[in-house]
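S.K.: Shown below is the structure under consideration.
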Amino acid sequence: MSAVSESVLSLSRYYLPVYRPCQVVLVRGQGSRVWDEQGRDYLDLAAGIAVCCLGHCDPDLVAALVEQAGRLWHTSNVFYSEPSLRLAQELVDVSRFAERVFLCSSGTEANEAAIKLVRKWAAAQGRLPEHRTIVTFRGSFHGRTLGAVTATAQPKYQEGYEPLPGGFRYVDFNHIEALEAAMVGGDVAAVMLEPIQGEGGVMPIAPGYLAQVRALCDRYGALLVLDEIQCGMGRTGTLFAYWQEEVVPDIVTLAKGLGGGFPIGAMLAGPKVAEVMQFGAHGTTFGGNPMAAAVARVALRKLASVEIAANVQRQSVALRAGLEEISEAFGGVFTQVRGRGLMLGAVLAPLYAGQASAILEVAAEHGVLLLQAGPDVLRFVPALNVSDEELADGLVRLRAALGDYVSRCRG
């Protein structure tokens, strides 16, 4: 490690230690490559946790940001600004269901807004507080704020934050009988789920399950809330993951890829709930600021293109095939590769169970950046415009990294 790296990393003692970053100081990015301060390049198959959907420093996004930065940075929502209004209209138009949009700055804020909207809607229906329950699924991840982390049905994210807010109920993912049992009492106001669970191990929804959930929501008078913060904006091969199921939701939340790397979140509200929240019912200081909205408008246009959809589908096949070939080359490192589009998870074989974090470190040593989704799953969420050459290079580096790791394990 260079003296510069050591000097910069020494500053980490001033940062609340809630992260455990790879010991690399990144200083520049272009496309699906990033560089550290020593000039070493890395193939980025993590994309800032599925955020940099158009790669690093996409020229069109940079141009939009620079242009808006020279005009107007921030107004708050006390005043109108054109970029946020235009973005809201474009999200409504492209969503195929929404009537109104709430803009914020992150995914957890979008989910908090959705939770509050569900509760407001239930109250407007005359439902008592005990009849405003929200059902979520084990393995889910909806954010870190107190409401969102309570919706997140994973105890490891909740421990130590008790007492948690009430009014949530958890069921097993992809089990329709369990869901109906949780709803039959008539106290459920909404069902909230990710079409693909990201932090929960890259677990895709079972074919036909979302339609069954929609039917139960209709039967028991509940809203359907879809968290597409990670799986939306083209990542699964269609702009919205729910399009593949031909289901109409009531609320959809977005963030991550929507800004292409610039912080933004959005909650899309359908006709049942679009008019429920009126003046003063909710708000944000930074949400929908002109710079974020200007960048997101360009990102949305590009992510909705047929070119991006085609590339996601093609590279998904290549990435899946590459991972399966690498696994076979080393005696079955992975038991399966699951997911959709460019949101794939490689499940570690029992011999390597619990070692995802260690593998990530070795991968970085070999110049490829990955994520994990729990201790047993390597997560791959590259830029949606990743090129053939970039992906091939990433797979070469990953093969070398896994070969190195397997050799170390075998002594």
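Here, residue 1 is simply the first one shown, and the rest follow in order.
Glycine too: its Cβ is placed from the backbone N, Cα and C atoms.
Remember, it's a predicted structure, so these values are computed and weren't measured experimentally.
Swiss-Prot lists GLY107, THR108, PHE141, ASP227, GLU228, ILE229, GLN230, THR285 with the feature pyridoxal 5'-phosphate binding site, giving sequence analysis as the kind of evidence. Marked as N(2)-acetyl-L-ornithine binding site by Swiss-Prot on the basis of sequence analysis: ARG144, THR284. According to Swiss-Prot, the N6-(pyridoxal phosphate)lysine annotation covers LYS256.
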S.K.: If I take the alpha carbons of ASP227 (pyridoxal 5'-phosphate binding site) and ARG144 (N(2)-acetyl-L-ornithine binding site), what is the distance between them in whole Å?
M.R.: 14
S.K.: Between GLN230 (pyridoxal 5'-phosphate binding site) and THR284 (N(2)-acetyl-L-ornithine binding site), how far is it from one CA atom to the other, in Å?
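M.R.: Rounded to the nearest whole number, the Cα-Cα distance is 22 Å.
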S.K.: Any same-chain residues 6+ apart from LYS256 (N6-(pyridoxal phosphate)lysine) with CB under 8 Å of its CB? Would you list them in sequence order, or say none?
M.R.: ILE49, ALA50, VAL51, CYS53, GLY107, ILE229, GLN230, GLY232, MET233
S.K.: Around the Cβ of THR285 (pyridoxal 5'-phosphate binding site), how many other Cβ atoms lie within 10 Å? Please give the count over every shown protein chain.
M.R.: 11
S.K.: To the nearest Å, how far is the Cα of THR285 (pyridoxal 5'-phosphate binding site) from the Cα of ARG144 (N(2)-acetyl-L-ornithine binding site)?
M.R.: 19
S.K.: Hey, of the binding-site residues listed (THR108, GLN230, THR284), which one tops the CB count within 10 A?
M.R.: GLN230
S.K.: How far is it from GLU228 (pyridoxal 5'-phosphate binding site) to ARG144 (N(2)-acetyl-L-ornithine binding site), counting Cα to Cα, in Å?
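M.R.: Between the alpha carbons of GLU228 (pyridoxal 5'-phosphate binding site) and ARG144 (N(2)-acetyl-L-ornithine binding site) there are 16 Å.
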S.K.: Using DSSP reduced to three states, classify LYS256 (N6-(pyridoxal phosphate)lysine) as helix, strand or coil.
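M.R.: Once the DSSP labels are grouped into three classes, LYS256 (N6-(pyridoxal phosphate)lysine) ends up as helix.
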S.K.: If you measure every Cα to Cα pair among GLY107, THR108, PHE141, ASP227, GLU228, ILE229, GLN230, THR285, the residues listed for pyridoxal 5'-phosphate, what is the largest value in Å?
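M.R.: Among the residues the record ties to pyridoxal 5'-phosphate, max Cα distance equals 25 Å.
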S.K.: Hey, does DSSP put THR108 (pyridoxal 5'-phosphate binding site) in a helix, a strand, or just coil?
M.R.: helix
S.K.: Just checking, which of ASP227, GLU228 (binding-site residues) has the fewest C-beta atoms within 10 Å of its C-beta?
M.R.: GLU228
S.K.: What's the CA-CA gap between THR108 (pyridoxal 5'-phosphate binding site) and ARG144 (N(2)-acetyl-L-ornithine binding site) in angstrom, rounded?
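M.R.: It is 6 Å, counting Cα to Cα.
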